[in-house]
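Colleague: Before anything else, here's the structure in question.
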Amino acid sequence: CWEVREHNSSEWCHFIRSNPDCRLDGGFLDYLDGVFCVFPPRLLPLAVTLYALWLLYLFIILGVTAEKFFCPNLSAISTNLKLSHNVAVFSLTSPLHGVTFLAFGNGAPDVFSAVVAFSDPRTAGLAIGAIFGAGVFVTTVVAGGIALVKPFTAASRPFLRDIIFYMVAVFLTFVVLYLGRIRLGEALGECWGSWARWEQPGGAVTPHDSPISGYLGLYVFYVLTVVLCTWIHRRQRGDGLASPGAWEPEMPTDAEEPEPSSTNSGDYGEEYRPLLPSRESSLRILASALSPLDSRKWRRKPWYWRLFKAFRVPVELVLLLTVPVVDPDKDDLNWKRPLNCLHILTSPLLCVLTLKSGAYGLYQIQGIFPVWALLTLVASALALIIFITTSNEEPPKYHCVFAFLGFLASAMWINAAATELVNILRTLGIIFQLSNTVLGLTLLAWGNSIGGEGSAAASAPWHTLGWPCHAPGLLCPSTDTFSDLTMARQGYPRMAFSACFGGIIFNILVGVGLGCLLQMTGSQPLVKLEPDSPLVWVLAGALGLSLVFSLVTVPAQCFQLGQPYGVCLIASYLLFLCVALLTEFRVIHFSTP
């Protein structure tokens with residue numbers, strides 16, 4: 001499809017519509033048809049500008065959905081399932097509890113983007129570029145920025161554990177890219193000593209008795225390692241409230257820690273409550289719950305916060321209409337009877353109309369009655385029953401079900417936004433004739449890694465900035481740049497630094513493993529991953545060098561990290577970026593394996 005720009009502008013539209021390679025899988029908008037058929041050639045710059053603005057807005061949608069809706073519902077689910085917030089993510093046995101449930105919330109945009117990108121071999125380079133590019137960005141720019149903002153002593157044993165696991169994951173990805181495909185065993189993680197079959201040049205198939213530690217298997221092993229380390233540490237300190245050791249991230253004490261802020265307390269909460277409780281009408285409750293703005297907060301915030309908030313308001317309003325949020329920190333668990341009853345209708349409709357770009361929702365039963373209409377009738381009846389049998393003041397006993405509904409609805413929002421994001425990036429790549437890898441390591445990696453609300457986030461409590469749980473940075477990681485730097489400025493640099501290496505482990509192992517696993521079928525248990533440019537090897541080399549640099553220099557400094565370390569990391573990223581762009585524009589040539 002890249003050849004479209006080589007044709008005469010009058011042939012662009014015909015070329016796009018007749019070339020199967022130019023079809024975008026999934027998504028609600030056909031961006032290629034729009035830029036080459038709807039807009040005349042002379043307005044191509046305008047179309048690109050509009051697409052760039054829409055791209056930025058998609059990142060806002062991803063960030064708001066994950067921060068305000070996806071993560072809080074995951075937190076509520078873990079609370080209702082009696083899972084430990086320190087180790088909260090697969091519901092395993094009682095002593096294990098699982099690890100990083102909430103890491104899934106923080107890494108949701110990255111994982112969903114990777115899964116969507118891997119769904120099409122033409123966009124797999126986006127996923128590889130984004131995962132590797134975000135890894136280089138986080139381990140150099142973010143980690144270096146933390147050292148510049150607040151020199152500190154790193155947590156030794158968690159740092160060594162996480163960086164070694166991450167290096168193994170990067171090496172596994174390098175091998176997969178070198179071989180050009182990933183089998184079911186590599187995605188799931190086969191048992192030690194299992195038989196793996198590797199295709200050899202010439203078509204021969206030779207069995208090797210070798211241990212394969214696949215992506216998802218390696219992540220499970222990482223989970224068990226973290227749990228075991230936590231258990232050993234608790235045994236060593238006798239379950240007492242010992243001060244953080246040299247290997248434990250700094251955590252605020254109960255006296256230092258701010259009051260838990262609810263999901264909507266900053267933007268939709270009840271900051272100014274009346275002294276005496278009063279009964280409100282259902283209509284007033286609905287209007288208050290759907291208001292994404294706090295007038296008092298709006299007046300005291302700076303102009304740039306108001307500007308960014310103005311862009312977020314439409315997204316937040318639509319999300320409030322379609323995604324319920326259960327907040328265990330509130331007395332009423334964020335129960336809003338009229339709005340929650342409305343969610344019974346809007347959330348299922350959202351799910352069926354966004355799944356496979358609405359194909360299931362628009363399907364007609366026996367060619368007569370559409371699925372969305374049947375779902376509307378059933379959901380309306382159920383919403384009416386709930387409205388009649390509940391009250392505004394007290395949430396029902398089954399209110400926790402709304403957390404699962406909110407989790408599903410927010411996941412569908414993130415998936416839909418990620419699909420549009422991948423499609424628009426592929427379109428921009430075709431317009432400017434850029435490889436998917438360079439788009440992934442720049443736009444997609446930056447968009448998913450920077451996050452936050454800019455400088456306005458500096459005054460927010462650390463646990464509201466992409467950290468929706470009360471766990472050490474290793475166990476509830478965030479790769480949000482502004483969140484990590486803000487945490488460092490507020491006196492928690494060790495926690496922020498731990499997040500740099502703990503968070504990206506989840507992204508690479510689950511992002512690649514799950515993304516490839518979902519594309520495999522019983523008849524074709526492999527996914528081909530062929531690098532679309534030599535830039536992939538530059539990425540892998542740069543990420544490997546940055547990790548080796550930290551692995552050597554951090555212990556050499558006795559884990560005392562300061563400004564020289566931060567300057568070296570940021571300078572190395574700038575050097576990598578220059579080499580990557582020069583490689584993309586063929587100024588530097590590398591021989592590919």
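Our numbering is plain: 1 for the first residue shown, then up by one each step along the chain.
Backbone N, Cα and C atoms are what each Cβ position is placed from, and that goes for glycine too.
Not my notes, these are from TrEMBL:
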type: DOMAIN; residues: 52-187; note: domain 'Sodium/calcium exchanger membrane region'
type: DOMAIN; residues: 403-451; note: domain 'Sodium/calcium exchanger membrane region'
type: DOMAIN; residues: 479-581; note: domain 'Sodium/calcium exchanger membrane region'
type: REGION; residues: 238-270; note: region 'Disordered'
type: TRANSMEM; residues: 43-66; note: transmembrane segment
type: TRANSMEM; residues: 87-104; note: transmembrane segment
type: TRANSMEM; residues: 124-147; note: transmembrane segment
type: TRANSMEM; residues: 159-179; note: transmembrane segment
type: TRANSMEM; residues: 212-232; note: transmembrane segment
type: TRANSMEM; residues: 303-326; note: transmembrane segment
type: TRANSMEM; residues: 367-388; note: transmembrane segment
type: TRANSMEM; residues: 400-418; note: transmembrane segment
type: TRANSMEM; residues: 495-515; note: transmembrane segment
type: TRANSMEM; residues: 535-554; note: transmembrane segment
type: TRANSMEM; residues: 566-588; note: transmembrane segment
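In the displayed structure, how are the listed features positioned relative to their neighbours?
Modeller: If one looks beyond the transmembrane segment (159-179) by at least 6 residues along the same chain, the residues whose Cβ comes under 8 Å of a Cβ in the stretch are 128, 131-132, 135, 186, 198, 213-215, 218, 222, 225-226, 229, 474, 497-498, 501-502, 504-505, 508-509, 512, 529, 531, 536, 540, 543-544, 547-548, 550-551, 554-555, 559, 593.
Tertiary neighbourhood of the transmembrane segment (303-326): same-chain residues 57, 60-61, 64-65, 68-69, 72-73, 76, 263-264, 267-268, 289-290, 292-293, 333-334, 339-340, 342-343, 346-347, 350, 399-400, 402-403, 405-406, 409-410, 413, 453-456, selected by CB-CB distance under 8 Å and a gap of 6+ residues from either end.
For the transmembrane segment (367-388), same-chain residues at least 6 beyond its ends with a Cβ under 8 Å from one of its own Cβ atoms are 337-338, 340-342, 344-345, 348-349, 352-353, 360-361, 396.
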Colleague: Among the recorded stretches 124-147, 212-232, 400-418, 535-554, 566-588, which has the greatest number of Cβ pairs closer than 8 Å to the transmembrane segment (43-66)?
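Modeller: Selected stretch: 400-418, with the most Cβ pairs under 8 Å.
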Colleague: With DSSP as the reference, give the number of residues of the domain 'Sodium/calcium exchanger membrane region' (479-581) in helix, strand and coil.
Modeller: 75 helix, 5 strand, 23 coil
